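The transmembrane segment annotation in TrEMBL covers A:6-27, A:34-55, A:67-91, A:98-114, A:142-163, A:197-220, A:251-271, A:277-297.
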Amino acid sequence: MIGLLSYAVFFSTVASILAIAVLGLNLQWGFTGLFNGGVVAFFGAGAYGTLILGGTPQADHLGGFGLAYPLALAGGAVAAGALAWVVGILTLRLRHDYLAIATFGIAVTFENVMRNAEALSGGAKGFRGFERPLRDLFGDGFAYNLFFFSLVLTLLVAVYLFLERLVRSPFGRLLRAIREDEDAARSLGKAPARVRLTSFVTGSVIIGLAGGLYATFYAFISPQDVLPTLTFQIWAMLIVGGAGNNRGAALGAFLIWGAWTASGWALSRFAPVEAQLYTGSIQYILIGSIIVAMLLWRPQGLLPERLVLSQSGQPVKPRQQGA
Amino acid sequence: MAEPILSIRGLTRDFGPFRAVDGVSLDIRAGSITGLIGPNGAGKSTLFNLLTGMLKPTSGTVRLNGQDVTGLPPDRLFAMGLGRTFQIPRPFARMSVLENVMLAPQGQRGEGILGPFLAPARVRDQEARIRRRALEVLDFVTLAPLADHPAGKISGGQMKLLELARVLMGAPSVILLDEPAAGVNPALTRILIDKIEELNRGGTTFVIIEHDMDFVMSHCDPVIALAEGRVVFQGTADEARANPVLLDAYLGAMADG
């Protein structure tokens, strides 16, 4: 029983961390229409940034600034935002597939730099030497995982509330207008370039926060954690859950991460031995099929975007209702 | 004559070897409803795109209320009082009709990312004012009953009224309409004409591209004809009707299709 509960906490922690990343992507794609094909670069910047800033001194690579954990985590998120700002300045004139290709290339570059710049990142061996926060108090067992899950869940709720408020505000209206028709927005006096950049950086800070939490949870990060696969998984979560709907984004994270882990478990348990070599590939095919099926039959996702309504003359902020 | 609201001098735009607009010089009289006619490919929409900043001219100048605005982007021009609608309507499809209209006002505090968090009360007040004004404008263009509909799901004619409503939120002094009557049923066209004339009596200048000759002849003065990127006629509707060259070359060609 405790084993099951322990696993549930472990699973929910990872799913919640991924949900934060999906929420960040949702701000970029769901609300602004920015096709970020390199999610993992910002996730990785947050992860490496947090460990470098908060880690203990290392002989063979950068790190050991030993900052207090909240500062290290925030610093990682800021690093992701800084990366997004530079990338944004360079690429935000690009639209749609071109932006996707450019950001995908940046993510592959990021992975290769982390793999090869050993003095910065520890190289292919990964980044070690990070003490998880409050380990003295909670130890290494179930109590710690429970503590860390509550931290992650708190941050997930905070990010969700922040974004809900943001997308219901005039800023959110502006994002959606730019997503729908940038030229029409320009003809109504709006300057889309700055708004796109703001959305891209903000979304990337959130993705970086998720990366920082992920690295904290494992007290480790390596180039294997920032492969394009993760970008693909986070996109699958958003598409399945529902782009343009923050609840959908979070739901998608839990469903796809559930499908991913369950399929991995089922394959290892029931598949013939010779198929087990290909477990990872079979999982990709499975998730890919889910994406294709969703795009064919329910492209709006399980929880579609809802229309912001006028709530008939009440001078309060717009309320969500069925579209 | 009073200072023209739009003063265009030698405006030219090339697309590669093709000269779409060729040295156009025009004065748009303040308070007029100016009709812009000409066969397909005459350069009317390109001229609109040059005037609204969607395209940059190869050469020539545009003045708005005496101020040189050549090459300014559309967002700046809208803020300076120049509004436009599109030949093919461009609603923000997955937003409500009301939201489409509420987007347009300039200087919204809540449009900065921190506004809703740093000054929530002020943003809320401003939103309430903008919502009231948007509902008034929707009422004016007869779309108030559709306020909560997705803008992508209303008819083409209603979209044209919606585009007019969006533009009106900016209280523009001149509005450029690109084929407002095309593909719109007669009842909605009638409403649109009434609204244009009502706004015009209030002082708003209109420049209208239109293929519907009845529309142009009965509501526009002056009428300007373009052909192959050049101005080939300027005058009243009656003069246009009596001009044999124009009749043969353009009105006839348009009537043929």
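Each residue, glycine too, has its Cβ placed from N, Cα and C.
Among the listed stretches A:6-27, A:34-55, A:67-91, A:197-220, A:251-271, the one sharing the most Cβ pairs under 8 Å with the transmembrane segment (A:277-297) is A:251-271.
Scored by C-beta pairs under 8 angstroms, the transmembrane segment (A:142-163) has its highest count with A:6-27, from the stretches A:6-27, A:34-55, A:98-114, A:197-220, A:251-271. Counting Cβ pairs under 8 Å that are 6 or more residues apart, the transmembrane segment (A:6-27) and the transmembrane segment (A:67-91) reach fewer than 3 and are not in contact.
Under 8 Å from some Cβ of the transmembrane segment (A:251-271) lie the Cβ atoms of residues 11-12, 14-16, 18-19, 21-22, 233-234, 236-242, 279, 282-283, 286-287, 290, 301-303, all in the same chain and six or more residues away from its ends. Counting same-chain residues at least six beyond the ends of the transmembrane segment (A:34-55), those with a Cβ under 8 angstroms from any Cβ of the stretch are 21, 24-25, 28, 62-69, 71-73, 75-80, 82-84, 87, 92, 96-97, 99-111, 114, 121, 127, 129-131, 133, 196, 199-200, 203-204, 207-212, 214-216, 220-221, 225-228, 230-231, 234-235.
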